[in-house]
Amino acid sequence: MVISSSWSSSPGERQWLSLVGVIWLQSISGTNTNFPAYSSQLKDALSVSQLQLNNLAFASDAGKLFGWVSGLAAVYLPLWLVLIIGSALGLAGYGVQYLFLTHQFASLSYWQIFSLTVLAGNSICWINTVCYVVTIRNFASFSQVAVGLATSYQGLSAKIYTVIVEAVVTSAAPFNKAETYLFLNAVVPLAVTVLVAPFVGRDAASSIKKIGAGLIVMFFISASTGLYAVISSLSSILGSFSPVVKAICMGVFLLAPLEVPIAEKFRQMVSSRKWVLKTNEIKVHDVDSDVTEEQSYSSEIGLENGEGGKDMTDASGISADEVNQIDTIEEIGVSSMVKRINFWLYFFVYLFSATLGLVFANNLGQIAESRRYPKASALVSLSSSFGFFGRLLPSLVDYLLQRYKRTTSRPMSIAIFTAPISASFLLLAISSSAASLYLSTAIIGLCTGAIVSISVSTTTELFGTKHFSVNHNVLVVNIPIGSFIFGYLAAGVYRQEAKGRGGICMGMNCFCKTFLVWGALSFAATVLASFLTYRTRKFYSCK
């Protein structure tokens, strides 16, 4: 409560603090990416087959099937309470599994573990929903920029948890590391939620005079954080650094975004002191200005609701009304949305692009093994790193365009990023070189991250902001659906090629047919996204 009261004097400070809080939440919300760290131990403890283990991997994504519940909760409950519920679900899902691995429970059945994994996966939806809603509300004129900045940090979740585990676990025993991953997945989101809930759960003004400079600083900090994450993963460069030093450095980078709200606080303190030093005549004027300033903040808040304020613009000269006219067709609820052709076009575009990219990342280990590539972890790191920058890239482009009073269609942006995914799958199908594997993995990671970032603004552009929390959670239902269908299709081709070889497939044939099918589907996504762009009649706007 001390944090909340000390930073409650200015909507501008609360706005930047809310973004910092969302960044921290996104940094620790990707708990499902840690599943490979303890999946083998669960396999041994439960005595399950590889196929059943794959079902547990699917269970984490299956939690998104119930993500719409968190969307409804965000409409009717305070956002801080939605955050608490989400972190509590994660505490239950991961915490019970942790107690099982530490032998606090005599036994858990396979389906009990499956249900707990679904519950833990669903907890991520609650946290993400709050992050999206807070960012869109508090940065209405720069929603794509702010959302992209914040969500890019989710790509670093696996890296952050790994750094912590390496710092606190001195033993190299996989058993101890698995316990630590589960324990951190259970308690870290709850701890961060309690820390940031006071200033994330409150709305702030949507216009700051220095918002442009603040976003530039945020871009620089985000890019620096991602660069450090990549470099620190290369043991050949930082091999002499201890795990504790790496963890401290990562902590410093995560604290760095606080520079912006601190700078805003300092700027306002300096401005207040200047007012005090003015003459009596100016002081009288300042008293009047204080009143008008409060009225100004009310006008800004009213502007979000469509009330007046034609002269209220942000640093780029674009008013919130103008942005809403560009980015929103109409306000549509779920019942109306699922009846629209545009929704189903959008649904299959996401299914055949971003979801395919996520399935590809989940299969990188087997792909590397089939091609006799020993460094599967390097591929995973490469995919994650480029995914981080992919999430960040649309925000940077959108910010630059808005500064010049221009904007592009979100469906068209998705179409631009789906084409390289199709080409990358084709390259993997026809080339067995390590260079093609590296290049394709980097491109797919980059484009998948970009589409995930763009999708938030696409949902608001197509269906409005009023019902966003429910609409977007309905959209991402395609992730568990795609994970199940595409994952099992790939596994089926792999098993067919592995017949008579002891269940292990080696060579190009293991995934060649899969890559051809995935390439055709991602090309279909490009066509569908282009058709969706045509239907919305919005390609490029210049004011």
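Glycine is no exception: its Cβ is also placed from the backbone N, Cα and C atoms.
Predicted automatically and left uncurated, TrEMBL annotations should be read as such.
What you are looking at is a predicted structure, and each value in this text was computed from that prediction instead of being measured.
If you check TrEMBL, you get these features:
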DOMAIN    15-262  domain 'Nodulin-like'
TRANSMEM  65-90  transmembrane segment
TRANSMEM  110-135  transmembrane segment
TRANSMEM  156-175  transmembrane segment
TRANSMEM  181-200  transmembrane segment
TRANSMEM  212-231  transmembrane segment
TRANSMEM  237-258  transmembrane segment
DOMAIN    328-541  domain 'NFD4 C-terminal'
TRANSMEM  343-364  transmembrane segment
TRANSMEM  376-401  transmembrane segment
TRANSMEM  413-431  transmembrane segment
TRANSMEM  437-463  transmembrane segment
TRANSMEM  475-495  transmembrane segment
TRANSMEM  515-534  transmembrane segment
Any contact, the transmembrane segment (515-534) to the transmembrane segment (376-401), with at least 3 Cβ pairs under 8 A: no
Any contact, the transmembrane segment (343-364) to the transmembrane segment (110-135), with at least 3 Cβ pairs under 8 A: no
Model confidence over the domain 'Nodulin-like' (15-262) (mean pLDDT, whole number): 81
For the transmembrane segment (181-200), sequence-distant contacts whose Cβ falls under 8 Å of one of its Cβ atoms, 6 or more beyond its ends: 1, 3-4, 7, 14, 17-18, 20-22, 24-25, 28-29, 31, 34, 37-38, 79-80, 83-84, 86-88, 90-91, 93-95, 97-98, 101, 120, 123, 127, 130, 134, 161, 164-165
Distant-in-sequence neighbours of the transmembrane segment (413-431), which means Cβ under 8 A and at least six residues beyond its ends: 349, 352-353, 356-357, 360, 394, 437, 439-440, 443-444, 446-448, 450-451, 454-455, 458, 511-512, 515-516, 518-520, 522-523, 525-526, 529-530, 533
Interface-richest range of 110-135, 212-231, 376-401 toward the transmembrane segment (437-463), CB pairs under 8 Å: 376-401
Stretch contact, the transmembrane segment (65-90) with the transmembrane segment (376-401), Cβ-Cβ under 8 Å, 3+ pairs: no
Closest-packing stretch to the transmembrane segment (212-231), where packing means Cβ pairs under 8 Å, from 110-135, 376-401, 475-495: 376-401
